[in-house]
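J.: Features from Swiss-Prot:
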BINDING   E271, T272, K273, L274, R278, E331, K345, F367, E427, K432, K449, K451  ATP binding site
BINDING   E331  Mg(2+) 1 binding site
BINDING   E427  Mg(2+) 2 binding site
REGION    610-620  region 'Required for catalytic activity'
DOMAIN    654-743  domain 'BRCT 1'
Amino acid sequence: MASSQTSQTVAAHVPFADLCSTLERIQKGKDRAEKIRHFKEFLDSWRKFHDALHKNRKDVTDSFYPAMRLILPQLERERMAYGIKETMLAKLYIELLNLPREGKDAQKLLNYRTPSGARTDAGDFAMIAYFVLKPRCLQKGSLTIQQVNELLDLVASNNSGKKKDLVKKSLLQLITQSSALEQKWLIRMIIKDLKLGISQQTIFSIFHNDAVELHNVTTDLEKVCRQLHDPSVGLSDISITLFSAFKPMLAAVADVERVEKDMKQQSFYIETKLDGERMQMHKDGALYRYFSRNGYNYTDQFGESPQEGSLTPFIHNAFGTDVQACILDGEMMAYNPTTQTFMQKGVKFDIKRMVEDSGLQTCYSVFDVLMVNKKKLGRETLRKRYEILSSTFTPIQGRIEIVQKTQAHTKKEVVDALNDAIDKREEGIMVKHPLSIYKPDKRGEGWLKIKPEYVSGLMDELDVLIVGGYWGKGSRGGMMSHFLCAVAETPPPGDRPSVFHTLCRVGSGYTMKELYDLGLKLAKYWKPFHKKSPPSSILCGTEKPEVYIEPQNSVIVQIKAAEIVPSDMYKTGSTLRFPRIEKIRDDKEWHECMTLGDLEQLRGKASGKLATKHLHVGDDDEPREKRRKPISKTKKAIRIIEHLKAPNLSNVNKVSNVFEDVEFCVMSGLDGYPKADLENRIAEFGGYIVQNPGPDTYCVIAGSENVRVKNIISSDKNDVVKPEWLLECFKTKTCVPWQPRFMIHMCPSTKQHFAREYDCYGDSYFVDTDLDQLKEVFLGIKPSEQQTPEEMAPVIADLECRYSWDHSPLSMFRHYTIYLDLYAVINDLSSRIEATRLGITALELRFHGAKVVSCLSEGVSHVIIGEDQRRVTDFKIFRRMLKKKFKILQESWVSDSVDKGELQEENQYLL
């Protein structure tokens, strides 16, 4: 029956190849008119076929939606995320086509952003894949639009269920049944960027005159296609409706000088600009829905009913009995009940996943109301909506609040409010006209926003050094579109910095011309960044660049940002929020960038906020504290730092050939054997000295582990040896073989050699050990303490991870602490329920690595429920008292995971 219904759709008859050839013609169209003509021809033929297929039938639900969701994939809301990026597709193609990993075509796919010089497709993965696939694929595919959508549905659902093998299987079906041209467009649909050269508004306007407006108030592509299938029939009422996500009204950036004029010389409202997640709430009785500004549904997180979620249970009783239904617009905030303050988004938390965060709670800050009961309020004035909002619910501190507003008349009041927001470390202020009506997806229209970074001179700016780059995509293909920036480790007085810590990635603030000019300036200095052998002068966090540049060849850029926030992606342990390049500091040399000390001082100055100055009326937007003048560049005599000077070996007499032509780099010596003395002795034995290790350096000698030595160790390119080894060589006048006791650090090849010669404690497999050496070996063996099972759990987990046993089914629950619903009364051990399947489940959990507890308290990660689900509500109430929230799952999650040998997606078993 289902297949019969499917065959009665236009999408089941239209080949995917026809859609792709249409998209190809649209993209290649010379002008807008030609592009529109090609799309209209395809749309008209679809509608004609639809009329022929469904003639004389009423209530037909078939529409243009199957094609529209592929043409405008960025507006897709029904399908979940694919979880696929260009790199994954590249690896899949390499595997499917059996391409040599180091071959030309495989490297093209893997390094698609790197310009090749031959073509202008750098950064366009779909085009590069097309040319690789063209000689290897079918001339024409066999899939229909319906089949493509069904396979993409499978990709999305299996990605959500973390079933990677099934994701791969569906992708293979798509790939093996498509031509190279079809795969080019398929890739763009998956990546959600078609590059057609016409906007979604143009597509909508061709489809139907009311399409843009209907999509703004519903964000539902399928509803637009169904309700507006007939271009000759319009909608009489297009307005915000209950449980349909709408695109919210937005604020325009304001010029402080023009505020009074923009408000038409009338009074206006000033509100705090909140730093949370824009969210709309739809309520009908005890049924709730929550939607983000882009129309994504977050009801599962915040709660569909008063019995579930991180918000709904706490606000349901705030609504009066006379309020059956309503639609609210506001900001979802993270509230700290201890300090009674809102958290800023820059701090590490996700408001949409607050159940996992301890010490914080979800708070809905409401600033507008669009419907109460059956009365729609979008066309009412803001003043009227505010009056209605105040009687819609009773605010509950830290759970649901009304954003406070003040009435103002002058520019001075706006300036005072902005300065007050700066003092309170807030994001900024909103200015709203009392007579404005609510216009979905419109920016401005009576709403303005003012943030400190919009006002010249209010922000502290940072002078940072470019140390890495990322190849661009699309219009920026073939050039660096983003840069990795760093600050310097504070050098000793009189020295230049030699080590730089990454701080942020920046990709905005400059025009294409400025980007091109900067690219030309740095082009010849870029080097590929290898994660296994990073440059010792650039220390990265988890964020690594695609290419890097030696600091002395780079330039300083001046960056403006909103604030400094914590981040483990960068070596500094922090990064910049909303960074953008203000200008290139041609007046500064590379070593004059800010240091870690400067960064720390800025971070402590205003809790990380970079807006610390006040604006004053009549100052022409200049702050009281004047801008720093650029530091003028003074001519300095060229000199070499003392510790990098080559030693004076003119008076050295050669006494041995033990180190003939062997290169050493001495970083430091020992008490009684300073660096210069060791260098002289090496020269006497025929060796020669360098001040920076290179590929020909035999080893680095270090008496202490300073910053330079640590950087050399982190690069993993050179062996680092104690000076004691040199002293042994000088004493015996031979090149003494290395032993573990001499080594500070070993590069990979040396480690392999030592692994064949010595055990993990440094005891040789082949050479007899004397008493002193044996004592050293014993000192390196630490006695193991008696540990409880609880203490052993992380040790076992570490061993499993070290030896790659952590993927074994026997350890699948290793990191979980689990409470089972075995007691009629929570935490009353005397109320144990006998003869229940959960007793066996507890044994299965222990056998597969879980820690099973009989007391429900902080630290429990999961609660498992059997067939008797009467206590689920009790567990949810108990959970609200805990800082770290546990998940409540059906027992079948355990049994299914054990049966299938891997953890199953938890969301399918949630109660």
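Cβ coordinates come from backbone N, Cα and C, glycine included.
So where do these features actually land, and what's packed around them?
T.: Sequence-distant contacts of R278 (ATP binding site), defined as residues of its own chain at least six apart whose C-beta falls under 8 angstroms from its C-beta, comprise P248, S292, R293, D329, G330, E331, M332.
E331 (Mg(2+) 1 binding site) falls within a strand when secondary structure is assigned with DSSP.
Sequence-distant neighbours of E427 (ATP binding site): residues of the same chain at least 6 apart with a C-beta under 8 Å from its C-beta are K273, L274, D275, Q344, A421, K451, A562.
Per-residue pLDDT, averaged along the region 'Required for catalytic activity' (610-620), amounts to 66 for this model.
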J.: Just to be sure I understand the packing, how many Cβ atoms besides its own are within 10 Å of the Cβ of K273 (ATP binding site)?
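T.: Step by step: centre on the Cβ of K273 (ATP binding site), count other Cβ atoms within 10 Å, giving 19.
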J.: Using DSSP reduced to three states, classify R278 (ATP binding site) as helix, strand or coil.
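T.: The residue in question, R278 (ATP binding site), is strand (DSSP, three-state).
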J.: Give me the count of other Cβ atoms within 10 A of the Cβ belonging to E271 (ATP binding site).
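T.: Its Cβ has 18 other Cβ atoms within 10 Å.
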J.: Count the Cβ atoms, other than its own, that fall within 10 Å of the Cβ of K449 (ATP binding site), considering every protein chain shown.
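T.: Total other Cβ atoms inside 10 Å, all chains included: 20.
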J.: Determine how many residues of the domain 'BRCT 1' (654-743) DSSP places in helix, in strand and in coil.
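T.: Split into helix, strand and coil, the domain 'BRCT 1' (654-743) gives 32 helix, 16 strand, 42 coil.
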